[in-house]
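Chemist: Before anything else, here's the structure in question.
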Amino acid sequence: MDWHDWIERTGLPLPESPDVESLVVAIVLIAGAVAIGWFVGHRAGPPLTARIHNLGGRTSAITEKVVTALVQYAVIALLLLIVGNAVVLNPLALMTLAVALGVAMCLLVYRIVKACGLGKTAALLLALAALVATTAGTLGGMRPLIKGLDGVGFSVGAHRFSLLAVVNAIVIIAVLYVVAKTVNHILTHLIGRASGLDISQQVLVQKLAGIGVVVIAVLLGIDLLGIDLTALTVFSGAAGLAIGFGLQKTFGNLIAGLILLMDRSVKPGDVIVVGDTFGAVGKIGVRAVSVVTRDGKEHLIPNEQLMTEAVENWSYSSRNVRIHIPVGVAYGCDLALAQKLMVEAATGATRVLTEPKPSVWLKAFGDSSIDHDILVWIADPELGVGNVRSDILNRVWRLFADNAIEIPFPQRDIHIRSIADQM
């Protein structure tokens, strides 16, 4: 059976003899609709965008370009729909008009879904569904299309597999995916605005809500697709064991992430040290924790590692962190003056807290210097500690130079006893 015979079986209109005049009329109408849509979009897009922004819309997603495109495609689709119902055309011209209307609806749906922040995959799936539904509806409804799709298939025992079943499965999966992502997006937004929850609790509730939405979507998909789970019982034991071993680390990291969020030992925004990694926690994901260093590098540390290894949390109970800055002075200098200048340098540095006050400890009498520790407190460790050390040491250098305080350095003397024997 060729495509011509298959389309005839569906009942869709086919041109018996091409009517060039009617086809030209359809093309002119399509071109006119596109021109009017372009004009209206560029005229109405900018003021409509400004109005949406004034009302508090999502300015990051709803830009002037997006609004202009939405208006263009909406006007084109509306005009083509009106023309299709008002003008009598032959089948070939009607098919051309239907395809144009389907493309306009496809682009319109794609832009709308993208503006809602549902992702490119969801936008493509819904846009293709809109293209097929609009084109088929314009050509006489969905019944002929359904009949044609159901006619292409084969039977295996008591079960029949057809192209219609494949399309139904794709549509159901696409709709469930979009609905689940939309619901998850809405729940995440609502939970993020809950004033009674801190950041850690918000992330925990968002993760649990996301897991619940996915589970419900999977169960609904199994029910709507008519999958008989009893047929899989033979393989469920071995498959479950294999999946369990394969996903052992994944589930371990998932549970560890939930525990971290529940006991709030590590929260987004905390400054932690894990091994040689120091930085601020950016995100606690399903598998790993994102730690952003001062170099802008993002380390992904498995959640399970944070549960089993020692972790320094600089902001667990308080964000105040004390910094040690070693400084050595020469033995012959005025020790009291040197210590006073160190405190003065630390007190005038940026980001250093005035309470607790900066202090100086005499640490040890070294080989060539009297070793001190300048102790200062900061309340924003996520901004780094190296810049604070650098600022204080620069101030110490200038104050020591102005007050004749010497900073010692190791000196080595080479004694040549005799080289005459080697000449």
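Numbering starts at 1 and runs along the chain as displayed.
In case you wondered, yes, glycine gets a Cβ from its N, Cα and C as well.
Keep in mind that TrEMBL annotations are predicted by a computer and have not been checked by a curator.
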Chemist: Among the residue ranges 239-261, 377-399, I'd like the one that TrEMBL describes as transmembrane segment.
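Modeler: Among 239-261, 377-399, the range TrEMBL annotates as transmembrane segment is 239-261.
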Chemist: So which residues does the transmembrane segment (20-41) touch in its own chain, when a touch means Cβ under 8 Å and the partner is 6 or more beyond its ends?
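Modeler: Contacts with the transmembrane segment (20-41): 68-76, 79-80, 83, 87, 89-90, 92-94, 96-97, 100.
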Chemist: Mean pLDDT, the domain 'Mechanosensitive ion channel MscS C-terminal' (325-407)?
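Modeler: Average per-residue pLDDT within the domain 'Mechanosensitive ion channel MscS C-terminal' (325-407): 89.
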